[in-house]
Amino acid sequence: MAVKGVVPDKYTFPFVLSACTKINGFAEGLQVHGAAIKTGWDGDVYVQNSLIHFYFECGDMDDGQKVFDGMGERNVVSWTSLICGYARGENPREAVSLFFDMVDSGIRPNSITMVCVISACSKLQDLSLGKRICAYIDDLGVKLHTHMANAVVDMYMKCGAFGNAKQIFDECEDRNLVLYNTVMSNYVREGMAREAINILNEMLLREGLRPDRVTLLSVVSACAHLDELALGRSCHAYALRNGLERWENISNAMIDMYMKCGETELACRVFDWMPNRTTVSWNSLIAGYIKNGDLESARKIFLEMPERDLVSLNTIIGALVQESSFEEAIELFRTMQREGVKPDRVTLVSVASACGYLGALGLAKWLYRYIRENDIHCDMRLSTALVDMFGRCGDPQSAMLVFDKMKERDVSAWTAAIGAMAMEGNGQRAMELFNEIIREGLKPDEVLFVGLLTALSHAGMVEEGWSVFKSMEEIYGISPLIVHYGCMVDLLGRAGLLEQALDFIKGMPSEPNDVIWASLLAACRKHKNLEMAAYATERINELNPNKTGIPVLLSNVYASEGKWSDVAKVRLRMKEKGIQKVPGSSSVEISGMIHEFTSGDEFHPEMRHITRMLDEINCRLRDTGHVPDLSTVLLDVDEQEKGFLLSRHSEKLAIAYGLISTGQKMPVRVVKNLRICSDCHAFAKLVSVVYDREIVVRDNNRFHFFRQGLCSCGEYW
C-alpha cells in the first residue's frame, strides 16, 4: 500500500478498506488495519467506520464489534455500519437492539439505518417491533422515500400485515419497479397469486414500467398457481423478446408453470432449450410429470439426471408411495443409504408410510431406530407418520409410545393413534382417546370420526357407535359424509343387525352409493342371508354394473350355502364380462425381505421345506383334535380336494415359512390381501399354542393377534 516517501493519511485508509471489502480480501484488510495502527490512524472515526464495515462484510462480526466498542467517538455512520452488519447477518435481533441503543444515545438515525433495522424486523417476522420502529419514524416526521417504503412494505408483508403493507404502497407517490416487485413476490410467496396479477396490471397501466426478470419470476409463478396458461405464454414470449430466458430461474419457473397447466410438451421444450440445466430444472420436470400422473416419465428423467439431490429423491419416493409402489420406494431409500445421501424429515415421512402399508414391522423398527440414532428431530408430521406406521404394522404399543412422547399433537396425530386402536380392534381405548381429545379442547374432524367408527365397528360396540354417529352433527356440527354412513352400515352388519343396516341405508338423506351396498353384501355373506345379498347385488348393479368384486362376493355367498347352480350362473356372467377373482396372497417379512405367497403356491425357492413344515403342523394339530373346516372352500369339488386346497391357503404357507425362518419365541407376522377365512383363523390359534409363538395376521379388515390359542378379535371380525 505504501509508496516510498508517501505516508497514508485518514483519507487513504477508508478507500483501501472499501476496495478490500469489494474483493472480499480479508487478509489484505487485516494488513491495512495493521498499517493504520502503526501510523496512528486507527483511532480516527472515519477509519474506524470503514473497519467496522469491512469486518462485517467479510463475516467477522467479533472484530467489527471490537472496533466499535473501542471507539472514543461514534457518529451515525458508526452505528449504521454496526446495525447494518448485524441486520444482513444471522443476528437481526441484535441489530434491532442496537438501533434502540443508538436512539437512546441521542443520535438521529439516517435513512440507511432505518432501512437496515426494518429489514431486520422482516427477517425476525416480528410485527410488534416493526410497528414500533415505524411509529418512531413517524414521530421524527421522516417522509418515506421509495427505498424506505419498499423496506416497510416488505416487512409488513413478511409479518402477514397485508393491510398495512397495501396502505403504505398506495400512499407512496413515487413507486418504482423494485417496490412493485417486492409486493408481487410477497403475494406469490403467500399464495395470493391473483393479488400479484392485479399489482402487475396496475404497474403496467398506471406506471408504464417495463417488467424485469424479478417481475417475470413472480408473474410466471402466479400463473402456475392460477393455471393462467395464456398469461404464462405471454410472459414466455416477453422473456424471449428481451433475452430473459437465459436466466435459469426464469426457465425453471416456465417449466413449472407449463407442467402445472398440463402443457408437458411446452415444458420439455423450455427444458431442451436451456443451455445450462441446473438440478432445479430437472426437479421441476420430474415434479411436473408426477403432478400430471406420468410416473414412468418422471422415473425416466430421474434416471437420466446427471446429479440427484435430496429434493429429487424425495419427489420420486413420495410419488412411488402415492402410487402404492411401496417396495420400490423402500428400495430407493436403501439406495440413498448406500450412496451416503442423508434423508430429511420429508424422506422419512414417505418411507414410514411405505413401511406401514407393507406391514413391514422389522423395517419400521429399523427406521425408528435410525431416526433416534441420528438425532433427527421428530416434528409433529413425522411423529404422526410414525404412529400411523406402527399402527399399520400391528405394533400398537410402539405406536402409542411414539404418540405419548409427542409434545404437540394436532387432530391428525390423535387420528393416527385412534387408527392404531382401530387396526387392533381396541374400541374401548379408541373411545378413551376420543374423550381425551375433547378434554384438551380440540375439535374432531371428519377423518377422525372415520377412524373412531371403524374402531368401534371392529370391536362390536354398536351402542357407542350410534352415540358417536349422532354426536357428529348434534354436538360437533359435522354433517356425516357417505364414508361415515358406510362405517355405520359396516358396524351394524358385522354385529348381524342386517335389518337395522338395511333400514339405515334406506333412511339416508342422500342416495347410497355402491360402496354402501357392498358393505351390506359383505355382512350378508358373513351371516349367510341369501335374500338380502341378492337385493344388495341388484342395487350395486344399478349403480355400478362394472364393479368387479361384487360378482365374486355374491358367488361366495351362494357357495357358502352350497347353491352351486347359482354359483355357476354368477361365474358364467363373470367370464362373459372378463372379470377374474383376485387370488388370495399373503406375505411375511424375513430379515427385511418380503416373501409373498399365493394360494396353492409352488414356486418359492424353499417350497420343499415349507411343505414339510406344513405336514408337521397339520399332524400336530390333528393330535389336538383339530378338524379342517371344509365349508370355507367355496368350490364344488370332493372333500379330499377341498382338504388339499384348504391346506395350501396363502396365510398357511406364510405362517409355515415364518416358523422355519425365524428364531424360537419370535412372532410370525403375516399380511394378507383378503379377509382371513375361519379355518385359517382356527389354524393360527392352534399354531400359537402348539409352537408357543405369537402369530400376527393383518387381513384387509384388521389385525389378528393370536396368542396361546386366543385371538385379539374375540372371534369378531
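Cβ from N, Cα, C; glycine included.
Per TrEMBL, the feature repeat 'PPR' maps to 75-109 (among others). A Cβ distance under 8 Å defines the sequence-distant neighbours of the repeat 'PPR' (75-109), meaning residues of its chain 6+ beyond its ends; these are 45, 48-49, 52-53, 55-57, 59, 61, 64-65, 68, 116-117, 119-121, 123-124, 126, 129, 133, 136, 140.
If you look at the repeat 'PPR' (176-211), the same-chain residues 6 or more away from its ends with a CB under 8 A from one of its CBs are 146-147, 149-150, 153-154, 157-158, 160, 162, 165, 169, 217-219, 221-223, 225-226, 228, 231, 238. TrEMBL lists 176-211 (among others) with the feature repeat 'PPR'.
Feature annotation from TrEMBL assigns repeat 'PPR' to 278-308 (among others). Remote same-chain residues near the repeat 'PPR' (278-308) are listed as 248-249, 251-252, 255-256, 258-260, 262, 264, 267-268, 271, 315-316, 319-320, 323, 341 (criterion: CB distance under 8 Å, separation of at least six residues from the stretch ends).
For 309-343 (among others), the entry in TrEMBL reads repeat 'PPR'. Broken down with DSSP, the repeat 'PPR' (309-343) shows 26 helix, 0 strand, 9 coil.
According to TrEMBL, the repeat 'PPR' annotation covers 410-444 (among others). Residues of the same chain lying 6 or more positions beyond the ends of the repeat 'PPR' (410-444) and with a Cβ under 8 Å from any Cβ of it are 380, 383-385, 387-388, 390-392, 394, 396, 399-400, 403, 451-452, 454-461, 464, 468, 476, 478, 698, 702-703, 705, 712-714, 716-717.
Here TrEMBL flags 625-717 as domain 'DYW'.
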